[in-house]
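If you look up TrEMBL, you'll see B:6-25, B:90-109, B:168-190, B:197-214, B:263-283, B:295-316, B:322-344, B:351-370, B:390-410, B:422-441 marked as transmembrane segment.
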Amino acid sequence: MAALFRRSTVLPFLLLLPLLLFSVSPLACGKLINDGGEGGEEGEQFAEELLLKPLPDRKVLAHFHFESTTPPSADNGRHHHLFPKAIAQLVRKFQIKELELSFTQGRWNYESWGGSDSLSSTNAKPPGVELWALFNLPVKEIDATWKNVTHALSGLFCASVNFLESSTSYSAPGFAFRSNVSNIRYGALPREAVCTENLTPWLKILPCRDKAGLASLMDRPSIYKGYYHSQRLRLTSSELYGIILEQTLTVVLQPNSKRNAAHSSLDVSIQPSWSISSMFNKKVAGSCVLAKASRILIELEKDIISKLEKMGHGDSWSNSVFDLFPSPVRVIKDFNSLPGESNSILYEYVNHNEYEALDVGIKWKIPFVWSSPHAPFHVSRFLMGSGNERGSIAISLQSTKLDEELVHKSQGCTMQVVIFQVVPWYVKVYYHTLQIFVDGRLQNSSDMIEKMQVTPSEDKMLPGTLELMLKYPCSVQSVILTLDFDKGFLHIDEYPPDANQGFDIPSALVTFPNFHSSRKYVKDEFSTDSPLLRKFQEKNVVLSYTEVLLVPLTTPDFSMPYNVITFTCTVLALYFGSLLNVLRRRVGEEERLLKSKDAAKRGLIPLLFSKLSSKIKGQNPESSNSSSLLGSKFLIIIVVLLAFLWHYFLN
Amino acid sequence: MAGIRGYWILAAAAIAFRFLLFVCFPKDLHLGSRPEVATPLTSLRRLAEGYWLKQASMSPYSGSMYHGSPLLLSLLGPLTKRVEGRPPHFYCSLVFVIVDFVAAILIRATGKKLMFSRYKSLQVLDLLKPVDASGVVDSGDFASLVYLWNPLSIVTCMGSSTSPIDNLVVIMAIYGACSRISSLAAFGWVFATHLSLYPAILIVPIILLLGYGLDAPPSKLFLLKNSSAVSFGASSENKVKSGASRPTGNSIQNFSWTRVLHFMLWSFVWMCYVLFLCSISLKELGGLSEMFKKTYGFILTVEDLSPNIGVLWYFFAEVFVFFRNFFLIVFHVNILFMILPLAIRLKHRPCFLAFVYIAISSMLKSYPSVGDSALYLGLLALFSNELADMQFSFFLFCGYIGVSLLSPVMHNLWIWRGTGNANFYFATGLAYACLQSVLVVESVSSMLKHDRTLTKMVEA
């Protein structure tokens with residue numbers, strides 16, 4: 001009875017339950033939708049952008065920029081919608097404040113591709129792998145954490161970043177690399193080969209991978225065919241903004257000029273016309289649906305614009321010099337320059353249409369020559385001397401003469417240059433030999449050096465670090481620094497398999513703290529919306545990396561360790577044996593012995609026999625003999641005992 | 001007994017020759033970077049780097065560059081600065097010339113003392129006429145000239161390396177012990193040990209020298225002589241007279257402990273003094289523990305594998321890592337191992353014993369240079385009368401010349417031209433080690449033979 005009663009009370013409730021659920025679900029769904037839509041402002045975001053830029057030497061720069069952000073971790077725990085979980089875990093586990101990892105192949109050509117705009121000062125990287133990280137940890141924990149980070153990154157990107165674990169390959173820069181903080185570590189692997197196996201895991205971090213959106217343009221053969229290829233990952237984490245992950249891929253490609261060979265055959269100097277499809281063999285097939293923004297921008301440098309203005313074309317995208325196709329949605333102008341000067345212009349295309357493929361391109365009509373903005377000094381580094389014993393490193397700064405007007409304007413101006421150079425320990429630099437030549441004349445180095453910090457290298461422990469701040473008048477045309485070094489000799493196991501190729505000295509970093517690259521755009525929603533434009537508006541110090549140096553080191557003969565060991569030991573034994581023999585010898589006694597032997601004249605076999613028999617009997621035929629026998633027995637016993645003890649203690 | 005005629009002219013010529021080399025080749029010689037001349041321990045370039053680091057208020061030992069003494073840094077460091085219009089290391093080279101001259105003078109004084117004691121003891125044994133029948137060389141003058149005119153020591157003096165100073169303190173220790181000045185012997189010994197560690201084994205000959213006096217034929221001979229004199233029935237008056245007048249009679253019996261104790265005391269004082277000076281100069285720059293690690297530790301663990309005229313660099317560049325410690329022990333024990341047998345056998349000739357020790361350690365040391373050879377070749381000449389009938393001396397002479405000519409050629413082929421191979425250079429190192437061992441063995445055996453002939457003469 002009771003059970004029945006109970007059932008009757010439960011039943012209406014059960015009937016009501018679906019109703020209840022239905023009434024709640026619209027609310028829940030609404031909330032979910034809100035999370036997806038409005039959460040765009042608050043929650044995790046992803047944006048993709050592609051910047052294309054014609055370069056003066058008939059090449060094209062393509063700069064892919066992807067940015068994922070996640071709000072501070074306390075808000076949404078461990079779950080991520082867009083943001084890659086692996087990266088978030090990395091940041092949280094190792095307390096990373098900032099981290100930058102770049103894989104580069106090829107060398108950025110500062111002379112023709114520009115050295116002072118924000119694109120080159122943030123995206124031009126030294127060949128190989130470069131990694132630096134800023135930790136939010138006490139100083140003594142940093143080295144251990146750095147090692148863990150290198151291993152994590154090496155697993156994440158299929159690269160030998162873990163070679164940066166050894167203390168000989170990374171350094172703790174002082175003032176010359178970024179600000180003067182103690183919790184930063186910097187390491188570079190100039191020899192690292194960069195290829196698709198590094199790109200694939202890098203793409204895996206993107207929400208759409210390379211299946212949709214701009215990343216789908218990354219056709220491997222066309223990307224790796226280029227002159228310069230640099231994939232970069234930059235992490236910034238803060239309490240306020242959460243984690244910002246910025247992934248960029250910068251490639252410099254040679255557009256395929258065969259297509260327009262027909263009508264440009266008359267003039268070879270005409271720039272090659274190109275489009276996305278001609279460069280990447282693909283068209284943009286719509287945006288990544290998870291991306292908040294997906295844009296393609298074409299940038300024309302300020303030299304082009306000023307020349308166009310002189311020709312009376314202004315900022316039109318279709319003129320007698322070139323045609324941009326299709327027509328851009330918007331023209332964005334830079335406002336950050338002196339009056340009377342032209343600025344670079346960005347033409348924006350929005351990539352939202354999924355059905356109509358976007359194929360942005362430029363068609364040049366007449367020959368047109370321009371130049372890129374240079375850094376104030378062109379930096380290069382080279383080796384001097386011959387032979388495998390010693391040499392010198394020279395860093396030369398040559399004025400690019402672009403700032404002549406600047407020099408004229410301020411006659412008393414001074415130029416500041418900061419040089420940051422890491423040298424592996426087997427290149428033993430004599431820092432007291434630092435010489436500075438200004439315009440070819442030897443200068444007293446204390447007049448030029450404003451600040452200097454040296455961490456000398458320790459054999460097999462630490463690389464040497466040189467941080468130098470130079471100050472000299474702007475009118476100086478060339479500055480050359482030289483440092484002598486001795487080449488080290490390594491143990492046979494420390495040479496890499498291709499020892500005769502030589503060893504690489506990582507690029508030196510030269511920064512010009514007085515010069516900044518930044519642009520100003522009109523503050524509207526679009527310019528603040530775009531992460532790439534936001535990046536361009538940041539104030540960056542102009543910097544350039546020097547070449548990687550290849551130092552050939554002398555090699556020992558790898559094939560004959562046994563010969564060396566046996567020869568040396570033979571010589572030693574020869575010395576030891578003969579000296580001991582000389583000391584032990586008593587010529588007088590020997591002569592006496594010889595006489596007595598002559599007297600006895602016993603054969604060898606009977607002598608042995610008698611000795612043996614006496615041994616068996618336990619009798620001693622001669623007293624002197626017995627003592628020596630006893631002594632030798634005693635010695636043998638001692639040796640056996642020692643060996644036994646040794647064995648016992650070892651186990 | 002008369003000295004070599006024109007000694008002072010020859011010595012002055014040697015010094016003048018050094019100055020001449022300075023003037024004629026101020027920069028072209030590049031001897032300072034030759035591996036034969038400058039080792040990581042003695043290179044003046046490294047000293048300049050250490051001085052620079054110290055001036056920049058860093059530890060001079062940071063950077064694995066400098067491995068010498070902090071005292072040298074304070075003494076020579078200010079002289080390494082570049083001076084306009086002067087060749088690099090000009091003042092240092094001047095200092096080294098003076099140091100070489102002083103060392104030569106001390107060798108000469110030591111040789112004079114040795115000659116005197118030899119004369120005395122031979123007189124006692126009545127062997128003066130038969131032994132010196134073939135003529136005698138003034139070994140002091142001769143050794144001093146050998147040291148001054150030895151091309152190896154000229155090269156060491158010219159090429160900027162601090163080994164002339166190391167040699168000077170070693171010679172000072174020997175001179176102090178020979179002239180029985182405990183304080184000087186202790187000073188030389190402590191500083192030599194401080195500068196290059198290996199002279200530490202010289203404590204045995206120094207104590208013997210201070211205790212027993214200078215080199216003499218074995219004490220047995222004097223006893224034999226005395227007993228024979230008794231048996232021949234010499235007058236008691238005469239015997240007493242001779243016993244009083246003969247200094248050798250004393251040297252047989254008493255080992256003068258007071259001098260040895262003085263030496264010990266003085267060495268303790270000097271040691272404290274050196275450590276005190278070092279700790280002052282390294283205050284707030286690493287301290288003494290770092291100094292020991294970077295000087296003695298560097299010597300004992302053979303960290304620097306750059307080529308030199310020894311054999312250990314190539315050995316340790318090639319040997320398997322897990323055998324490294326074993327062989328380090330073996331090579332260093334090899335030096336220590338011979339101390340006792342040699343001391344037992346040559347205890348009556350402590351000065352010669354010192355020479356043998358120096359030769360052995362310069363053969364087996366981790367960073368040998370020609371400066372060490374210059375030292376022991378100079379000392380070898382002190383015993384030119386005793387070792388007159390040494391075997392293989394012509395072979396050794398040719399060998400030294402051959403190696404010193406071939407070694408730079410092989411080094412050039414390997415390092416500069418890239419046509420040779422490390423094995424060629426190593427082979428010259430091996431040959432050099434062989435030559436040195438033959439020299440040591442032969443000199444010891446001929447010294448023993450010399451003693452034997454004396455015994456035979458006395459017995460006869």
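Placed from the backbone N, Cα and C atoms, the Cβ positions cover glycine too.
The stretches the transmembrane segment (B:263-283) and the transmembrane segment (B:168-190) are in mutual contact, each linked to the other by at least three Cβ pairs under 8 Å (pairs 6 or more apart in sequence). Using a cut-off of 8 Å between Cβ atoms, the transmembrane segment (B:351-370) and the transmembrane segment (B:422-441) share at least three residue pairs, counting only pairs 6 or more apart in sequence. Sequence-remote contacts of a segment are chain residues at least 6 beyond its ends whose Cβ falls under 8 Å from one of its Cβ atoms, and for the transmembrane segment (B:295-316) they are 35-36, 39-41, 64, 67-69, 196-198, 324, 327-328, 331-332, 363, 365-370, 407, 411, 415, 422, 425-426, 428-430, 432-433. Counting only same-chain residues 6+ beyond the ends of the transmembrane segment (B:6-25), those with a CB under 8 A from a CB of the stretch are 87, 90, 93, 97, 100-101, 104, 108, 141, 144-145, 148-149, 154, 157-158. Away from its own ends, the transmembrane segment (B:322-344) comes close to residues 198, 201, 204-205, 208, 300-302, 312, 315-316, 353, 356-357, 360-361, 364-366, 444 of its chain (Cβ-Cβ under 8 Å, at least six residues beyond either end).
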